[in-house]
Amino acid sequence: IMESWSFLDTVESNFRPLVVIELAKGTKEETIEWLTKRIMDKKANGGAQLLIKPLVTENGVENIYLVGASHLRLLLGAETVGLVKECSDNSMRTFTYSSRKTFKHFADDNHNFLTMAECQYIIKHELENLRAKNEKMIPGYPQAKLYPGKSIVRRLLTNGILVQIFPLHDREELKKLSHSWYGRVKVGYQPLDDIRCYFGETIALYFGFLEYFTFALIPMAVIGIPYYVFAWEDYDKYVMFATFNLLWSTVILEVWKRICAVLTYRWGTLLMKRQFEEPRPGFHGVLGINPVTGREEPVYSSIKRQLRIYLVSLPFVCLCLYFSLYVMMIYFDLEQWALDYHRENESNFSNLMLYVPSIIYAVVIEIMNRIYRYAAEFLTSWENHRLESSYQNHLILKVLVFNFLNCFASLFYIAFVLFDMKLLRQSLATLLITSQILNQFAESLLPYWLQKRYNRRMKKHMCSKKTDMDLSLAEQVNMEKEMGTYLGTFDDYLELFLQFGYVSLFSCVYPLAAVFAVLNNITEIYSDALKMCRVYKRPFAEPTANIGVWQLAFETMSVISVVTNCILIGMSPQVDALFPDSKMDLVLTVALVEHLLLAIKFIMAFVIPDKPRDIQMKLAKLEFESLEALKQQVRAFHMQLHFLLIHH
């Protein structure tokens, strides 16, 4: 490999811009010179050995730079990040430059061997791993301190010198993908492999999960319709429906793990080794030695962090939960007022008024969820977590707890305190439908409309300057840098998680919930696709092997739903009539049924393997081969050592 690095030429005639770096206006000349030198410097000198050019527009050179890399450089980068590609014998292996000829579709002149998203991921990885050597500060900015091993890009970001780094869209590819994905209304699967090639595995897995989840809800929706039409008040008939739902939700979550393994094996991320995590950009502390790597980096006392979590974050979250319950009680007062008003007037208008409190409450819930989200992000950032994964887990926990209580507390109160099934059904329907409409509007339609307006203004501005309507590179970059930044799949999964709660927690009361969920998800696929292709800047690809902590969140929700449905059925008049003498017998029977169902759930989860048999075999084969290769290396090393000792 070292030979390959030394042959690597940093000048290449066919420069292909892949990533855009935008610096702050008025960035000092010496800073720009130093940064471009570090980016272009040879690997041996601590550089990234990439290609960088300023973006030249009609106004001259702006503060925008384009980064690319030679084909050879990208292949060596693919080995550094540990990309897994398909071999000629159809097996998946970690790419190495020395064995490049054994990989499918590899040829020295085939520049499409790595997808554009993979190339951009490699460049991002190389830029983030550009580290300070002996510089004490960023040239021209004495307050921006550096120390050996500090990521230069992270320091530039935290000091506001670097505005943003983003990957460029490929206009032709995007047009093709848009057409096959959402350009025509069709019944069929999404082009998941194309989505993965363009946006990376994390986003492709989200869309895979959304599609799978929609299909998986169809049996619940189909069975729910006749229940809604015929058996309105007979709760004993709901026992079958609820039991089916509870077991079905376990099956769909377990089967998803298998589908996920099939997809990620095909994409190569199931085999990717987890990289050693770097400190996140916002992490700060006093300089110390990392006990694991031995490198000098900021160190922050874990006791201080724990104090911040337990003395500030936890009380704040509890206060928010209390406020959420207080708002809920106001909603019940409004509900009572609407009921009294209807009793007095008994008109069409008063009938409509019965739904108004629920609609207002649903809107308030959405607003509170969004405000709380900002507060949770600020708090989690202030807690100063060293790793991105730790930051994400704390944020997800805070947001899930609040959203769960905020969205479902009123339903639990109606079901288990007021025992009002009619109101529960009405509230559930209103909350579900209103939240779906609001989410579709806020997430996709509004940003799309704003983006379209901005593009129209930009095009007018361009046309006034010149007649050629075809977007030049400078215009494309200027247009894309103003687009919104996609903040990841967090909100999308959260929306699905809450929807799963509405469908499963009270499934025996409102069987139409699954129908609305399916209809919403079909439009969600189209609106999310539109959002990815037209509204946001292209996000960097992120390799991932599963949906992470969300799998656990969905499984927890399905366990809670067993408990709620068993209690609801136990409270129904029909079941109540079976135990006229002893309420204790009823409670024990409900508890027994609930424990049985939970036992069946856990047995099913255990019996259904997480990975299909053929993938288990392939993984075992690869592990065996890597162990054999390691043995061979050790044997060869011993032979060399033996040879040297004899000659000495």
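Cβ atoms are placed via backbone N, Cα and C, with glycine included.
Summarising the annotation, TrEMBL assigns domain 'Anoctamin transmembrane' to 195-621.
Here the transmembrane segment (212-232) has Cβ contacts under 8 Å with residues 238, 241, 244-245, 248, 252, 255-256, 259, 496, 500, 503, 507, 511-515, 517-518, 521-522, 525 of the same chain, all six or more residues outside its ends. As annotated by TrEMBL, transmembrane segment applies to 212-232 (among others).
Away from its own ends, the transmembrane segment (238-256) comes close to residues 209, 212-213, 216, 219-220, 223-224, 227, 231, 500, 503-504, 507-509, 511, 551, 554-555, 558, 561-562, 565, 568-569, 572, 597, 600-601, 604-605, 608, 610 of its chain (Cβ-Cβ under 8 Å, at least six residues beyond either end). Taken from TrEMBL, the feature transmembrane segment covers 238-256 (among others).
Same-chain residues lying 6+ beyond the ends of the transmembrane segment (309-332) with a Cβ under 8 Å from its Cβ atoms: 357-358, 360-361, 364, 368, 372, 375-376, 379-380, 382-383, 394, 398, 401-402, 405-406, 409-410, 413. Residues or ranges marked as transmembrane segment in TrEMBL: 309-332 (among others).
Sequence annotations record features per position, and here TrEMBL assigns transmembrane segment to 352-372 (among others). Outside the transmembrane segment (352-372) by six or more residues, the chain places 320, 324, 327-328, 331, 334-335, 337-339, 341-342, 399, 402-403, 406-407, 410, 426-427, 430-431, 434-435, 438-439, 442 with a CB less than 8 A from a CB of the stretch.
Among the features that TrEMBL reports, transmembrane segment is placed at 395-416 (among others). A Cβ distance under 8 Å defines the sequence-distant neighbours of the transmembrane segment (395-416), meaning residues of its chain 6+ beyond its ends; these are 313, 317, 320-321, 324-325, 328, 331-332, 361, 365, 368-369, 372-373, 376-377, 379-380, 423-424, 427-428, 431, 435, 490, 494, 497-498, 501-502, 505-506, 509, 549, 553, 564, 567-568, 571.
The transmembrane segment feature in TrEMBL is assigned to 496-519 (among others).
Annotated transmembrane segment per TrEMBL: 586-608 (among others), in sequence order. Tertiary neighbourhood of the transmembrane segment (586-608): same-chain residues 243, 246-247, 250-251, 253-255, 258, 555, 558-559, 562-563, 566-567, 569-570, 575-576, 578-579, selected by CB-CB distance under 8 Å and a gap of 6+ residues from either end.
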